[in-house]
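Participant: Straight from Swiss-Prot, here's the annotation block:
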DOMAIN    4-171  domain 'N-acetyltransferase'
BINDING   Tyr27, Glu28, Glu92, His126, Phe127, Leu128, Glu152  substrate binding site
BINDING   94-96, 102-107, 133-136, 140-143  acetyl-CoA binding site
ACT_SITE  Tyr140  active site, proton donor
Amino acid sequence: MAKFVIRPATAADCSDILRLIKELAKYEYMEEQVILTEKDLLEDGFGEHPFYHCLVAEVPKEHWTPEGHSIVGFAMYYFTYDPWIGKLLYLEDFFVMSDYRGFGIGSEILKNLSQVAMRCRCSSMHFLVAEWNEPSINFYKRRGASDLSSEEGWRLFKIDKEYLLKMATEE
């Protein structure tokens, strides 16, 4: 592919971001779990206090998808803090459409994220990868990523909204 642009997402990109989130969820066999709306993305990412940041990969018109989409990849991230090592960039979602893989788009997105992390003086970038997703695991390992689950024995937990509400309202 001759050229593509990696740029910060704008509010106008929310429909494309949601489309790609759903494509990623389908790839991960979790499509039914996406309950987020375009309105949520708009309010949560482009309001006064954004909860996330996003980069998009855009291709020129001659490379648009058959459906007419110019946005073919994205990375959603936010900043967090580790009391042992300081600032972290947390990569929440990262996806390039299958027909656009192998052209350096994913590598360029990761390069841009690394530049953001360095500008913000982050200690590292953290993210999750499904155990079965060998292509992604290899993509990250080729770039120096280490698997904290196997190396340090960390386990990921979550508390769903119903239990948060229960704890928040206990007397």
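Every residue gets a Cβ built from N, Cα and C, even glycine.
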Participant: Of Glu28, Glu92, His126, Phe127, Tyr140, Glu152, which recorded positions come within 10 Å of Asn133 (acetyl-CoA binding site), going by C-alpha to C-alpha distance?
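Facilitator: Cα filter at 10 Å returns Glu28.
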Participant: Considering only the recorded positions Ile105, Tyr140, Arg142, which residue has the minimal Cα-Cα separation from Glu28 (substrate binding site)?
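Facilitator: Spatially nearest to Glu28 (substrate binding site) by Cα position is Tyr140.
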Participant: Would you mind reading off the Cα separation of Ile105 (acetyl-CoA binding site) from Glu92 (substrate binding site), to the nearest angstrom?
Facilitator: 18
Participant: Need the DSSP three-state call for Tyr27 (substrate binding site) to compare against my parser.
Facilitator: helix
Participant: Which residue, of the binding-site residues Ile105, Leu128, has its CB surrounded by the fewest other CB atoms within 10 A?
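Facilitator: Fewest other Cβ atoms within 10 Å, among the binding-site residues Ile105, Leu128, is found for Leu128.
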Participant: Distance between Ser136 (acetyl-CoA binding site) and Leu128 (substrate binding site) at the Cα atoms, whole Å?
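Facilitator: Between the alpha carbons of Ser136 (acetyl-CoA binding site) and Leu128 (substrate binding site) there are 10 Å.
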Participant: Which residue among the binding-site residues His126, Arg142 has the fewest other Cβ atoms within 10 Å of its Cβ, if you could check?
Facilitator: Arg142
Participant: Going by Cα-Cα distance, pick out whichever of the recorded positions Phe94, Gly102, Tyr140, Arg142 is nearest to Tyr27 (substrate binding site).
Facilitator: Phe94
Participant: For each of the binding-site residues (Glu92, Glu152), count the other CB atoms lying within 10 A of its CB, then report the residue with the highest count.
Facilitator: Glu92
Participant: Might you list, by sequence position, any residue in that chain lying six or more from Phe94 (acetyl-CoA binding site) with a Cβ less than 8 Å away from its Cβ?
Facilitator: Phe74, Ala75, Met76, Gly106, Ile109, Leu110, Phe127
